[in-house]
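Enquirer: So TrEMBL has the following annotated:
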{"type": "ACT_SITE", "residues": "Asp721", "note": "active site, proton acceptor"}
{"type": "BINDING", "residues": "Ile602, Gly603, Ala604, Gly605, Glu606, Phe607, Gly608, Glu609, Val610, Lys628", "note": "ATP binding site"}
{"type": "DISULFID", "residues": "Cys56-Cys174", "note": "disulfide bond"}
{"type": "DISULFID", "residues": "Cys91-Cys101", "note": "disulfide bond"}
{"type": "DOMAIN", "residues": "1-192", "note": "domain 'Eph LBD'"}
{"type": "DOMAIN", "residues": "310-419", "note": "domain 'Fibronectin type-III'"}
{"type": "DOMAIN", "residues": "420-510", "note": "domain 'Fibronectin type-III'"}
{"type": "DOMAIN", "residues": "596-857", "note": "domain 'Protein kinase'"}
{"type": "DOMAIN", "residues": "881-945", "note": "domain 'SAM'"}
Amino acid sequence: KWKQMVADDGRQSSSVLPTPSRFLLNLSKPTLPHPQWEEISVMDERNTPMRTYQVCNVMEANQNNWLRTRHISREGAQRVHIEIKFTLRDCNSLPGVPGTCKETFNMYYYESNNANLWFIKESQYVKIDTIAADESFTQVDVGDRVMKLNTEVRDISNLSKKGFYLAFQDLGACIALVSVRVFYKKCPLTVLNLAQFPDTITGGDTALVEVRGVCVNASEEFEAPKMYCSADGGWLVPIGRCVCKPGFEENKDGCQPCRPGTYKASATDAYCTKCPPHSSSPQEQAFECVCERGFYRAETDPRSMACTRSPSAPENPISTVNETCITLEWSPPRDTGGRGDVTYSLHCRKCSGDSRKCTPCGSSIHFVPRQFGLSSPTVLVTDLQPDSNYSFTVESQNGVSDLSPTPKGTVVINVTTSQTVSVVLKERRSKDSVTLAWQGPERPDGAIVEYEVIYYEKREQNYTVLKTRSNMMTVEGLKPGTTYVFRVRARTDGGYGTYGGEIELETRLPRVRSYLSIRIYNIGVQNIHDHKAAVHFSCRHCGYIKAKQDPDEEKMQFQHGRVKLPGSRIYIHPHTYEDPNQAVRDFAKEIDASNIRIERVIGAGEFGEVCSGRLRVQGKREIYVAIKSLKAGYSDKQRKDFLSEASIMGQFDHPNIIRLEGVVTKCKPVMIITEFMENGSLDTFLKKHDGQFTVIQLVGMLRGIASGMKYLSDMSYVHRDLAARNILVNSNLVCKVSDFGLSRVLEDDPEAAYTTRGGKIPIRWTAPEAIAYRKFTSASDVWSYGIVMWEVISYGERPYWEMSNQDVIKAIDEGYRLPAPMDCPVVLHQLMLDCWEKGRSDRPKFGQIVTILDKLIRNPASLRELANSSACREDPSTPELSVNTVDEWLEAIKMGQYKENFSSAGYVSLDSILYISVSELAKMGVTLAGHQKKILSSVENLQSQGTHVQV
Ligand code: AMP
């Protein structure tokens, strides 16, 4: 009578604990009087024998038949899934059975470290669920085909002991248990960004498990790699990365050694590169190349620089003697050794007259600017002795000279300093002139070009220089009876000689006193002060934020009075009013408290309770309203902030913005009255109705929100806290943007967290530029809108799940974006990604979003391609069945009740249903949203699979 013909098809995306044959099953309580579960062999449709456990004591009352497994080890998993396949007999189909016949059975578990319990008391078991059949036999003569196999999956969470026992309790049904599959899910071992993440068992109740990655061979951490293992067994949110060590580069399998002739010096370099000139790497894995013979690399040289050598000698030396100073100059070496850091050092030796014997100069002479490490090819040597021979060796060197064993390139300059002019031999004085005669140097270092006579009045600073080619001069125009000091020196081809000794001479006194003018060359140095004008750019700080805002924001703030831009009205910030009460009077209608009837509390706001109730407006019917009241004991500031929400809301008039009915300010409590939204806030609403809407319905909600936001952005209002929790839903599923209080982002929102800059921001919903530097614009609202889209399509899932705010900020900065939620059309996920563009000008405007969503609604086929229809997302409980007719298909997807609706609407072949729409379904009487969704999603599968339908 019980013929089981569908085998366990073995479809699974995850590990399986012991197979049924290994652990099933022991009959317990064998002493009970009536037959219990029996182990029976039957044939499946391919005539393969298989074992089932059956019980069918429907004729007798008071059944309590237990079947339990052996101990099943949990292997470290905290959450285990149990898939059971069974058939269950419909009581109505059994002639003459009493009313005690059941169509359900119970599944239990008992956690234990003991793997050998032979008896477990009924009361010790924890109930997993009561299992009912989706399908039951109605007829015995099912022929050769069995289609009534039920598959149910249940979870047990937070397991902690070594293992558990499963038990099935029959209370009088007719059941055949075909297979029990116990499995847990893992995130499979994977390698990403050169970090290996181990096989990870998914978490228990907390959805995400944080896993640290280990850098693969020959790589090292650049930033600690981590990922999250989701409850579905998928990896999410990669953060950080490893990089190949020096000497290795990344390829598709990990890190490979650099080939000979190439090298990689730093882990952060991307690739191995060719050795630079004059170097080579004969082995693989080189992190630097070795210099050729005679070439070197200085310690501070980058590894990418060519190897270099010492420079050649300096060339073309020239010397110019000036008294006991010498200027030495030379040309840079012809070969700089391949470097730009050539410097010069000098060594000085003083030599005898015949230059045979030279000794080091000692420290009495000086080099300007310095003796060693000169960067320019010139030096001034001072404090030499006159009439002496010197030999200077100029040495060139560079950054690798010290590494090279070869001697440094040098050039020698021999110089003789000038002689002193001989003492003045003759002198003649008058009252206003002095005549001097002198003898030239005995051994001049070249032909004498001229003599220089310098004189000055004793005790005066200014002196006069006169030049002559002869060795005699009359200096005229002197003051009578005045003492002058004179000195003479010679100039040869090689420069000036040293001055001879000073001669003091006094002019004669005049007979008649007269004043003479003296030509004076003032050679004193005058300090010139460079008076740089101190230019002060005085910056006047503007009192309004407006000056700092970009054009997006500029329009919105601080415009007093109603300003009209062509075609749009501009929102007026209540703070621009000196008297905030005036703003309330301007934008909100005063309501007489006697017209309000408060009925019940529906929520808690920042300033007090939120209630629902009714408002009687003269000449109109009573309407349902929400009433926010300001709790007693408020401060002036609280009253102002509370009412600011009304003065903002009162400026808006749009079907997707919550409508202000009015305020009560003349008596206490102060109240704000808005339209009533029967379904409350959107996030709670979606969680409550998980999976119950069609994609089109969800897109319709999103369209409404986008339209409300377009209106706000057209009015230059930036919301700053757009999130599903701040959207309200009415009974027609119309979504309206709400929450306009001024202080709300700072105080009210439990999601808001303090940022490093001090402000409180709902991180998960907020654009990066708004988090980083408080750049709130309509474009940052668009980012938040993208998050709202994700919340809506995932039915109220928390964005970025349990990740910490810090990790969210980091992940976003690294380019991570939320993946498509389950069953999310590709186009919608793409639109979300567009809203999450890093550059705010790259994000769509709300007007464009509305247009895009309108197009999708008009053309639902564009929503068919799902972003994540991959195998890992498949529900293991939905096997594929082959169907040939519309009726078979409806049966297969458990929508058999609509067979007649379809046939009478003319849908008789499978082809005809391929492009069916929601409105057609509604017309033919399929009005339940859940059923419409089920049918349409199956049609989508039908399109992609031919006649293989996902049930
Ligand atoms: P709020 O202070 O605006 O965040 O309101 C607190 C809670 O009261 C919201 O989360 C809603 O559940 C509820 N609420 C506020 N306004 C309305 C309304 N107009 N209609 C229905 N429920 C509302």
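Backbone N, Cα and C atoms are what each Cβ position is placed from, and that goes for glycine too.
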Enquirer: Same chain, not part of Ile602, Gly603, Ala604, Gly605, Glu606, Phe607, Gly608, Glu609, Val610, Lys628: whose C-beta falls within 8 angstroms of the C-beta centre of the ATP site? Give them in sequence order.
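Expert: For the ATP site the neighbour list reads Cys611, Ser629.
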Enquirer: When you measure from the Cβ of Ala604 (ATP binding site), which residues in the chain that are at least 6 apart have a Cβ under 8 Å away?
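Expert: Same-chain residues close to Ala604 (ATP binding site) (Cβ under 8 Å, separated by 6 or more) are Val610.
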Enquirer: Checking your reading of the structure: which of the recorded positions Cys56, Cys174, Ile602, Glu606, Gly608, Asp721 lie inside a 10 Å Cα sphere centred on Cys91 (disulfide bond)?
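Expert: If one measures from the Cα of Cys91 (disulfide bond), the recorded positions that come within 10 Å are Cys174.
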Enquirer: What does the DSSP secondary structure composition of the domain 'Fibronectin type-III' (310-419) look like, as residue counts for helix, strand and coil?
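Expert: Tallying H, G and I as helix, E and B as strand, the rest coil: 3 helix, 52 strand, 55 coil.
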Enquirer: Which chain-mates of Cys101 (disulfide bond) that are at least 6 residues away have a CB under 8 A from its CB, listed by sequence?
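Expert: Correct list: Val58, Cys91, Leu94, Gly172, Ala173, Cys174.
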Enquirer: Quick test of your reading of the structure: among the recorded positions Cys91, Cys101, Cys174, Gly608, Asp721, whose CB sits under 6 A from ligand 1?
Expert: none
Enquirer: Using only C-alpha positions, which one of Ile602, Glu606, Asp721 is spatially nearest Cys56 (disulfide bond)? These are the recorded positions in the record.
Expert: Ile602
Enquirer: Please list residues from the chain of Gly608 (ATP binding site) whose Cβ is under 8 angstroms from its Cβ, counting only those at least six apart in sequence.
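Expert: Spatial neighbours, sequence-distant, of Gly608 (ATP binding site): Lys628, Ser629, Leu630, Lys631, Pro669.
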Enquirer: Near Val610 (ATP binding site), how many other Cβ atoms are within 10 Å of its Cβ?
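Expert: Summing over all protein chains shown, Val610 (ATP binding site) has 18 other Cβ atoms within 10 Å.
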Enquirer: Around the Cβ of Ile602 (ATP binding site), how many other Cβ atoms lie within 10 Å? Please give the count over every shown protein chain.
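Expert: Here the count is 16.
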Enquirer: Counting by DSSP secondary structure, give me helix, strand and coil numbers for the domain 'Fibronectin type-III' (420-510).
Expert: 0 helix, 49 strand, 42 coil
Enquirer: Among the disulfide-bonded residues Cys56, Cys91, Cys174, point out the residue whose Cβ has the most other Cβ atoms within 10 Å, with all shown protein chains included in the count.
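Expert: The most densely surrounded of these disulfide-bonded residues is Cys174.
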Enquirer: Mean pLDDT for the domain 'Fibronectin type-III' (310-419), rounded to an integer?
Expert: 89
Enquirer: Fill in the CA-CA distance, the residue listed as 'active site, proton acceptor' to Ile602 (ATP binding site), as an integer in Å.
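Expert: If we compare the Cα positions of the residue listed as 'active site, proton acceptor' and Ile602 (ATP binding site), the gap is 22 Å.
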Enquirer: For the recorded positions listed here (Glu606, Asp721), which one has the lowest count of neighbouring CB atoms within 10 Å of its own CB?
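Expert: Output over recorded positions Glu606, Asp721: least Cβ neighbours within 10 Å is Glu606.
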Enquirer: Quick one: what's DSSP say for Val610 (ATP binding site), helix, strand or coil?
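Expert: Strand, per DSSP.
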